[in-house]
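The feature domain 'Major facilitator superfamily (MFS) profile' is assigned by TrEMBL to 73-506. Under the heading transmembrane segment, TrEMBL lists 21-44, 152-172, 179-199, 205-226, 238-259, 265-284, 336-358, 364-385, 392-411, 417-440, 452-472, 478-501.
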Amino acid sequence: MTTFNEILEEAGNFGRCQKRVFALLCLVSLPFAAVFVGIVFQGFTPEHWCRDSGVSEMRQSCGWNLMDTREITIPLVNTSGVLVHSRCEQYDLDWNATGLTCDHPGIHFADTQQSKAPVTSCKEGWEYDYEGRRSFVTEFDLVCDHAWVVDMFQATLNVGFLVGSITFGYLADRFGRKVSFLVSNLLNGVSGILVAVAPNYTSMLVFRTVFGFAVKGGWMSGYVLINEIVGVKYRRMVGVVLQMFFSVGILILTLIAYIITDWRWLQVTFTVPYFLFLTYFWLIPESPRWLLSQNNTTKARKITEAIVGNVSSPKETSSASFLDLFRTPNMRKHTFILMFNWFTSAVVYQGLIMRLGILGGNVYIDFLISGLVEFPAAFLILLTIDRIGRRLPFATANIVAGASCIITAMIPESMFWFKTAVACIGRLGITMTFEMVVFVNTELYPTFVRNLGVSVCSTLCDIGGIVAPFLLYRLAAIWLELPLIIFGVLAFVAGALVLLLPETRGVPLPETIDDIEFPEK
């Protein structure tokens, strides 16, 4: 009997059927990008200040703009040595007794009186400088004392990722990649719509958790499936291009978010494709490698022949066990190193993206630039991994990302463009890392436990995603650049650990644990 690797090498590494399946699965990355980083637009926190109903009525009758009412009702506070209008406090005055008229919309009492005027927290909600648009922050007033609740939007998604990765990893190794993929997309469609129609923030977080539970598991099942049906020489191209479509999804999200001004309709827009993916039941095959691991040689042969033509009987492989990831020395080493790299990639990648929402610039332009930076990362991977290998570019990308984060934190705001350029280099480096950890992970586990191995390791990605919003927003409240220092240290450590992994360039996908423990054989 021959192995599946040998069959592909002999009959076709990347034929017409494989290309069709690959193209279909690339489309799954587009909405996944919106799910993953959509918080930048759905949870955007615009400039805001306390609402005063009395002054708001005068604004409408007098024809003032929002800025006029802010000048009147909001005290100045010292923030990092700069006087700015408070977001969470207002003057506690009876404006009818101050003689306020339409002719005097500006500050109408002396500085000495202003400094002595009583101040109170917001009593009647907030005004938002976000005319014509609505995020869930503005809809549910998640600012000031409630600002930390916004962090839960991304945290609950990653909790879902965490549980879903393990669950769907098991389902994919137990019932098949295709079944896991289809079940995931059904849950994605239903839970995504429920997020869009949620009546309050608490129920939205519950549905968001279910959305996260399903969406990542399905994407990983599709990723593993395509890697298992193409030959060694095309594996790296397939892995990188599949993730490049994630970057395309980021660019498309920027355009859609600019056009669609309501976060609920934006949610519907990137949920609908998951219903369309259910048609893949008729369009993609089950993984022959998985069928062999289940001793279903007959069906594996039939699908393999449909993919690459007539073949000899492939060799059967073993059944999976969670302990296989830790039982032997090399498997254990790979698992722990990959776990830490998944964690670091998630914290730094999500942290840098969410940071765009708190820098105060044009979020659409900043997000577009951030998305464009991801394409050079993909091309650098394609350029280096077959010439140099996986390990060195993987480690270098981590170290470059870490160095850039720390340097960016030290550059003063007055050197804006230099600071932006260095930050973009960091974004490029961590994008390379995130893209490489996925396909390197698939290359370091044997077939029978591959989906479970990727799912278990990527749970640390989900833990990183849970940590990232709290790390970013809470530490940034102390010092805006403090999260960058943390990101830099994590990336340095991750890069050093990558150097302990074996090189997988040109090596066939392992079929058994012996292939991992005794690669020289």
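Along the chain as shown, residues are numbered 1 onward.
Cβ atoms here come from the backbone N, Cα and C positions, even for glycine.
Because TrEMBL annotations are produced automatically, they should be read as predictions rather than curated entries.
Counting Cβ pairs closer than 8 Å and at least 6 residues apart in sequence, the transmembrane segment (452-472) and the transmembrane segment (364-385) reach fewer than three and form no contact. Within the chain carrying the transmembrane segment (478-501), a Cβ under 8 angstroms from the stretch's Cβ atoms is held by residues 333-334, 337-338, 340-341, 343-345, 347-348, 351-352, 355, 358, 390-391, 394-399, 401-406, 408-410, 426, 429-430, 433, 440, 444, 471-472, all 6 or more beyond its ends.
Taken together, the residues of the domain 'Major facilitator superfamily (MFS) profile' (73-506) have an average pLDDT of 84. The transmembrane segment (336-358) makes contact with the transmembrane segment (417-440): 3 or more of their CB pairs lie within 8 A, with pairs spaced 6 or more apart in sequence. Counting Cβ pairs under 8 Å to the transmembrane segment (238-259), the stretch among 21-44, 265-284, 364-385, 392-411, 417-440 with the most such contacts is 21-44. Take the transmembrane segment (392-411) and the stretches 21-44, 205-226, 265-284, 364-385, 417-440: counting Cβ pairs under 8 Å, 417-440 has the most.
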